[in-house]
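Report on the following structure.
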Amino acid sequence: MVIVKKISAIEVLDSRGNPTIKTKVELCDGSIGEAIVPSGASTGKREALELRDGGEAFGGKGVLKAIKNVNSMIAEEICGKDAYNQKAIDDAMLALDGTDNYSRIGANAVLGVSMAVARAAANSLNIPLYRYLGGANACTLPVPMFNIINGGAHANNSVDFQEFMIMPFGFSKFSNALRAATEVYQTLKKILNDLGHSTAVGDEGGFAPNLKDNEEPIKIIMEAIKKAGYKPGEQIKLALDVASSELYDGKTYQIEGKKLTSEELVDRYVKLCDKYPIFSIEDGLSEDDWDGWKILSEKLGDKIQLVGDDLFVTNEKILKEGIEKGIANAILIKPNQIGSVSQTMQTVRLAQRNGYRCVMSHRSGESEDSFIADFAVALNTGEIKTGATSRSERNAKYNRLLEIELETSEFLGDKI
């Protein structure tokens, strides 16, 4: 047992210049854990709720109210508890809030404490965070999903789909996969320059050119893979995050200036998958369109990975409903969608028990905190999504995975 001695939080800035919370936990043996909470741009309706200040400062996005909750009521509740009992600490914060979405004290307040406690406990034992959270079975480095062209809510351009990604499968080591993806990214930059497109980047480091439709980014990425010296489909596959809830009006989807039904949009996906080596589609339909998701799952569920992000919001109860209804076959894992380390772990375990793949994920508003890199290895998620290799808050996660590779070199690669 090691007792939580002190908890404190301050306001810092995330990668978009918005305020967020940095939390520090000190244990009675002198061990310290710190964590910075991320924040999303496109968010699911059923996510745990961040607490923001409102008012004029930072356009209403300040987090001083949440920080006050950390420094007062959460600190009073958690100090004196055993840091090694993560679930008891997380359960205590959930009970303190009294709601199922942290609308009282703020999911951002809770998550910062939860992450920092885990770090402090790992430091107390002098073991890596991934080993502390995952035990002896934490041994596999995830296949990264690199977001290299941005559209939708992550960029100010004409592309509807939010993310166009590459996944380097055909490599024996994580470091080799990272190198390949980086070379494709740099090649893509040159191609876009040669075509006269902007190489300005979006929130997650991907380029955000004004392209004519949602297929053109795929064509350009295919060209970049080949020009970089790699084989599409064999070594590097494609993935899409459509973020279709942003395109849905309750009945139809606004795609390239046209209104499409769920069936018509699914047919588009089928054609794209027939034409290109697409491994994964995330949020292919709206979180409110479960009938459409059923159609998508029936048509493509046995061929590609269908990831629920806004659909499941890392929520164990919602995922259970999806499993029962045969919706999707994978889940995006974002700790701040659900609010604590323990709740995140419970959702991952439910998914894995039922054959759903898990993708550990960043948010568009990130920081230098690399917690999710360790978390992906700890939970053997097999995949991680944390942006392009061009912004330091994204590279912090990749660099941490490179460090972990020195200790546990198994890479999922083409075994996924």
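Counting begins at 1 with the first residue displayed.
Just so you know, glycine gets a Cβ as well, placed from its N, Cα and C.
Remember, it's a predicted structure, so these values are computed and weren't measured experimentally.
Taken straight from Swiss-Prot:
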type     : residues                     : note
BINDING  : Q162, K334, R363, S364, K385 : (2R)-2-phosphoglycerate binding site
ACT_SITE : E204                         : active site, proton donor
BINDING  : D241, E282, D309             : Mg(2+) binding site
ACT_SITE : K334                         : active site, proton acceptor
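Overlay of Swiss-Prot annotations on the structure.
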residue: Q162; record: (2R)-2-phosphoglycerate binding site; DSSP (3 states): coil
residue: E204; record: active site, proton donor; DSSP (3 states): coil
residue: D241; record: Mg(2+) binding site; DSSP (3 states): strand
residue: E282; record: Mg(2+) binding site; DSSP (3 states): strand
residue: D309; record: Mg(2+) binding site; DSSP (3 states): coil
residue: K334; record: (2R)-2-phosphoglycerate binding site; DSSP (3 states): coil
residue: R363; record: (2R)-2-phosphoglycerate binding site; DSSP (3 states): coil
residue: K385; record: (2R)-2-phosphoglycerate binding site; DSSP (3 states): strand
Query = Other than its own, how many Cβ atoms are within 10 Å of the Cβ belonging to D309 (Mg(2+) binding site)?
reply = 30
Task = Specify the count of other C-beta atoms within 10 Å of the C-beta of K334 ((2R)-2-phosphoglycerate binding site).
result = 25
Task = Measuring C-alpha to C-alpha, could you say which of the recorded positions E204, D241, E282, D309 are within 10 Å of K334 ((2R)-2-phosphoglycerate binding site)?
result = D309
Residue, out of the binding-site residues Q162, S364, whose Cβ gathers the largest set of other Cβ atoms within 10 Å = Q162
Greatest C-beta neighbour count within 10 angstroms, which of the binding-site residues R363, K385 = K385
Remark   = If you measure between the CA atoms of K385 ((2R)-2-phosphoglycerate binding site) and D241 (Mg(2+) binding site) and round to the nearest Å, you get 11
Key: Fewest other C-beta atoms within 10 angstroms, as judged across E204, D241, which are the recorded positions   = D241
Request  = Could you measure between D309 (Mg(2+) binding site) and Q162 ((2R)-2-phosphoglycerate binding site) for me? Cα positions, answer in whole angstrom.
outcome  = 13
Ask   = Can you tell which of the recorded positions E204, D241, E282 lies nearest to R363 ((2R)-2-phosphoglycerate binding site) in space, using Cα positions?
value = E204
Query = So of all those recorded positions, Q162, E204, S364, which one's Cα sits nearest to D241 (Mg(2+) binding site)?
reply = Q162
Message = Below 8 Å Cβ to Cβ and six or more residues apart, same chain only. Which residues does that give for E282 (Mg(2+) binding site)?
response = E163, A239, L240, D241, V242, A243, V307, G308, D309, L332, V359
Message = If I take the alpha carbons of E204 (active site, proton donor) and S364 ((2R)-2-phosphoglycerate binding site), what is the distance between them in whole Å?
response = 6
